Amino acid sequence: MSSSISEQLQTLGIKKHRPSGRDNDQMREVKITRNFTKHAEGSVLVEFGETKVLCTATVERGVPRFLRGSGQGWVTAEYGMLPRSTTTRNAREAAKGKQGGRTVEIQRLIGRSLRAALDLNKLGENTITLDCDVLQADGGTRTASITGAFVALQDAINVLKQDKNGAMKGDPIKQAIAAVSVGIFEGEAVLDLDYAEDSKAETDMNVIMTSKGGFIEVQGTAEGAPYTQEELNAMLDLARKGISEIVELQQEALAE
């Protein structure tokens, strides 16, 4: 919901805690569109509300030097934001001559999260690179990137399965993964923060989980007052709920 709808609800006497008018345990609308571009082995447009990220997967024969001869594959990721993905233009990092610390941190997070979903020995000596490009940012770009990148990765692996020279040793995917943000906003635990909430949240947390309910990574920072054990548990419960819903959407998209 937009702020105007939230104001309308208040006029009707219906009070909503969040600026968007969502319930505390309510996700934004999530859309996953496969085959968004034609050249990449996997291509997904993922949308979490107004946040939109293009995730493409590229398959290349061979692996980094430290893995050559091991029979093991590799998955890595790159992340970037288009200059006008935000309200004001940000110069491309290529123009600055180096990546920022935030970019490096996020692309490492995406890469290691995706590797946790795979048996790299079954991938064979192939490298899959996930490029996550933020088209429009409204909070949760890293969690949207992980969610969309997994679907693109699955499509790329399906392409490899059809290649007799791909050196695959069975299906390398052990389980699906997805990610979501949670936080403490105005004293209450909330699910899937948009920018209006994220910019004012007392606590901001990113949670990556498997479809089997295991945790891959939890990144949580108290921006204001420290959060309590009870608040941590509440946020993790919300994350579990949200990721369960996202995994269902991933499965539906992959079944199309």
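Glycine too: its Cβ is placed from the backbone N, Cα and C atoms.
As the structure is a computational prediction, the values presented were derived from the model and not from experiment.
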Fill in: Given TrEMBL lists GLY140, THR141, ARG142 for phosphate, the same-site residue among ARG102, ARG115
ARG102
Discussion item. I'd like the number of other C-beta atoms within 10 A of the C-beta of THR141 (phosphate binding site), please.
Written reply: 24
Response to the item:
Its residues classified by DSSP, the domain 'Exoribonuclease phosphorolytic' (26-156) shows 38 helix, 43 strand, 50 coil
Worksheet item: Which residue, out of the binding-site residues ARG102, GLY140, ARG142, shows the minimum number of other Cβ atoms inside 10 Å of its Cβ in this structure?
Response: ARG102
Worksheet item: Mean pLDDT, the domain 'Exoribonuclease phosphorolytic' (177-242)?
Response: 97
